[in-house]
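Input: a single structure, listed below in structure tokens.
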Amino acid sequence: MPGTILENLSGKKLSVLVTILLTFQIACFLVGLIAPSPATSQGILTTVCVDRDPKNKEINRWFTRSCPTQVHLSDRQSTAGLDANNLVFVAEMPHYSFDYSRWQQNLMGILQIDMVYQEDQKLLDPVMELTLDARLAYSDKDINKGKTPWQYYAHSEVKRYMECTFDEKSAHNDKNGYPYDCGMVPLFELGSLHHDYYLLNLRLPYNRTANKNVGLSRLEDVHIHTIHMNGGFTKVWVALKTFFFPIIIGIMVWFWHRVHILNRTPALLEYMLMSLGATLAFLNLPLEYLTLSFEMSYMLILSDIRQGVFYAMLLSFWLVFAGEHMLIQDHGEKNSLKLYWKHLSTIVVGCFCLLIFDLCERGVQLVNPFYSIWVTPIGTNLALSFIILAGISASIYFIFLCYMIWKVFRNISLKRAVLPSMSQARRLHYEGIIYRFNFLMLATVICAAVTVISFILSQVSEGQSKWDENMELELSSALHTGVYGMWNVYICAMLMLYAPSHKQWPDDPICNDGEEVEFSRLPTEGTANEISSLTSFAAKTSMD
Amino acid sequence: MHAAFTVPLLVPRRHRHRRIIATSAASNATRLFLLLNLAAVAAAASAHTTWSSSSGSTQQHLVMDPNQMCKRARWSRGKMADICQNKPALLNQIARGVALGQTECQWQFRHRRWNCTSAKRSIKKVMLRDTRETGFVNAILAAGITFQVTRACTRGEQIGCSCAKKKKRKSKKKDPPLPEGDWQWDGCGENVEFGIKRSKDFLDTRYKKRSDMKTLVKLHNYGAGRLAIKNNMRTVCKCHGLSGSCTLKTCTRKMPSFREIGNKLKERFDGAAKVIAGNDGQSFIPEGETIKSPGKVDLVYSEESPSFCLPNPALGSFGTQGRVCNDTSQGEEGCGILCCGRGYDVRYEMVRTNCNCTFHYCCEVKCETCIVPTRISTCL
């Protein structure tokens, strides 16, 4: 009667294993402490250049910070006689004498427009439509530490919605020139930061007939906030992946070997564990190294897919795990995924919705980095419906899962009542199994809780304490690496503890007990689909 | 000509929009005052253009002319002398910052008896004392420098903006330029830290070794001015985690507009606390027992302000005679307060103003001209 390692491991060995795993876990957290925050932002105040020839549609005409005619929008004289199409807002990224490193992975641009109240104008609508003509160029360092000429990267005319409020109370009676408070507008998203320098040329074309930018008030400043990953964080992250990848591969090989030396076909739960390990290995695969030499703008979407596949597999595993520990084997055939189609379909539907949403947003961004699904009403509805659908399937899934876990625990507690009537050795043994099963359920709940808590913590720390000078430690990275390491450790533990044991059940002298005879008559005994004796226990007791 | 009275000595565009056609006869005294005020208008207007144009030719009107301060500090050493001698671009930004602070001071005080004018060295005389007004001017100048230097850094101007990091504790060196590796490792810090640092270098370091009351108050108000920026930064956050969810969120901060900073400081000015020297000689305590001691963001002063009701060249006061007031208001612009109880003169004039304006982005305003009968009150 083959069991899993979890059942046959002595308490001492188990505690040693748990200690080692916990050490890894703490190490992951500590590694995160040396890393900087995951991403940094840099604010750039655009330089306003004058395009004397706005009709010229030549695409490779770039305005840089050192353009010949610059104006200050707050200075009314210098903008006199200028047309909206004359103004080009220029942002060179990054600032100063820096250049982007490929370790910084990706780049996001956020637009923020400062407007002031214009005398005698009526207040702006709280939500206005912006039309942006945005062009991106790139440049690299050349051999003599100079820059190569700007090269065209992307161009698009896009619409955005911007929310602006006006604080009439503070403005008192002197509204003229008082600033509006305008929200940020996501502008572009580059999946790979392959080049050293980027240049943004932004125009706000005005056209009354085409209804372009008619709602604007007087502009004072145009800010571009750029967000990129921190090289240090990427390095730590990739190091973590590089460390875990061979480990998980090794454990998987060992696990599969263990399964194969038994003379039976692998059980469903073993398949599930293998696939879970495989998705984790896929997630751990340090593809980021490739971005150092190749331009892989699909990295964002790829990492979304990698994470998505992993989470989908993890959720499915929980479901099957709970199911396999509860199911009453009234038919001798092998369990298969078909039994769980109802439950699993919720995951499939949810993930599929998110995948489509992701492809619509980030997939299109591969072609046009300025694209956003949220700017058209149809796009917004589409995105929202996909997200809502995914949310609904997620909640159905959790209802299923909770119901199954509740059933397992009810089963266990019911059977506990039968335990005293068993012989002592057996009873101790089964109590141990129940204890370890509970222990692992507890581990799952703890992992999930820690994930949720760290998510909340990182939200809070991002919101406030980041600006607190006294905070020396960068907690958000540690939370990220900690959670990442935790799921790695969790799955490693699952693979190790649920691997089939080579130990045989002790040929106990209790077999002459009447109760135990009943045990040996279990229909499931010796069948290949039996994975743990707990299952057999559950099945047996349910027969009582 | 009377525009000088209707417009509180600044904002040239308002000045343009409103022109009084009919004027009443002015007394000799008013005429004298008018001349003074015209000088102030010129000063304010030039200060305004200083900020927006790049030349620094009109800086002689600045209350705290960085170039002159540098001349005085020629033989000294330290951070200020370093800025003076080696960082002309930074010095230029500091000068603009001073002008910006001064302009904002004039706007915030446009309705007050003392309207922050720099004519006849008025502002300098006020700065020599330690009154509530002095505190405000100091705070807003420190804020102006911080704002302007930060702004220049945000524009990417090469004024030695360094990525101020939390690493200060580790390296004792005075802000070393960030090595390339650090930029790759954890990016660049906020520009406002650099602005604050430079404002401190330029203003505070001169007084580091002194601990007399005036200096303490001055340093406190400088700090309060800088904090008015730092504590009111606008935060915007962007989620960029899995599928754009908030598993990963990065926030970025932006300075508020200088008008908002001015408003905040004006609020602090209205609630400023009077302080007296503390027992240890290194600090100050509020004058009244019951008053809670001022925080870092509060403005303090140690001398009662003069009333500024009557002309007094020694105090930098021009008096309020001839100033336009609002006879329906109970506030500081109301005739009751502004005219110091001397009463006011009411007359009706036809004023030409812009009306029914339409605005076309980016730079075009079309207005009609209306002639509106306006009630104008002036202090006696």
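Using the three backbone atoms N, Cα and C, a Cβ is placed for every residue, glycine included.
Any TrEMBL annotation is an automated prediction that lacks curation.
Per-residue confidence over the domain 'Wntless GOLD' (A:47-228) averages out at a pLDDT of 87. According to TrEMBL, the feature domain 'Wntless GOLD' maps to A:47-228.
The domain 'Wntless-like transmembrane' annotation in TrEMBL covers A:230-502.
Look at TrEMBL and you will find A:236-256 (among others) tagged as transmembrane segment.
TrEMBL lists A:268-289 (among others) with the feature transmembrane segment.
The transmembrane segment annotation in TrEMBL covers A:309-327 (among others). Listed as Cβ neighbours of the transmembrane segment (A:309-327) (distance under 8 Å, sequence separation of 6 or more from its ends, same chain) are residues 267-269, 272-273, 275-276, 279-280, 282-283, 335, 337, 339-340, 343-344, 347-348, 351, 397, 400-401, 404-405, 407-408, 411, 437, 444, 487, 491, 494, 531-532, 534-535, 538-539.
The annotation transmembrane segment is assigned in TrEMBL to A:339-357 (among others).
The feature transmembrane segment is assigned by TrEMBL to A:433-457 (among others). If you look at the transmembrane segment (A:433-457), the same-chain residues 6 or more away from its ends with a CB under 8 A from one of its CBs are 6-7, 14, 318, 325, 405, 412, 416, 475, 479-480, 482-483, 486-487, 490, 493-494, 497, 532-534, 537.
Summarising the annotation, TrEMBL assigns transmembrane segment to A:477-499 (among others).
Here the transmembrane segment (A:236-256) has long-range neighbours at 28, 31-32, 34-35, 270, 273-274, 277-278, 280-281, 284-286, 288-289, 477, 480-481, 484-485, 488, 491-492, 495-496, 499, meaning same-chain residues at least 6 beyond its ends whose C-beta is under 8 angstroms from one of its own.
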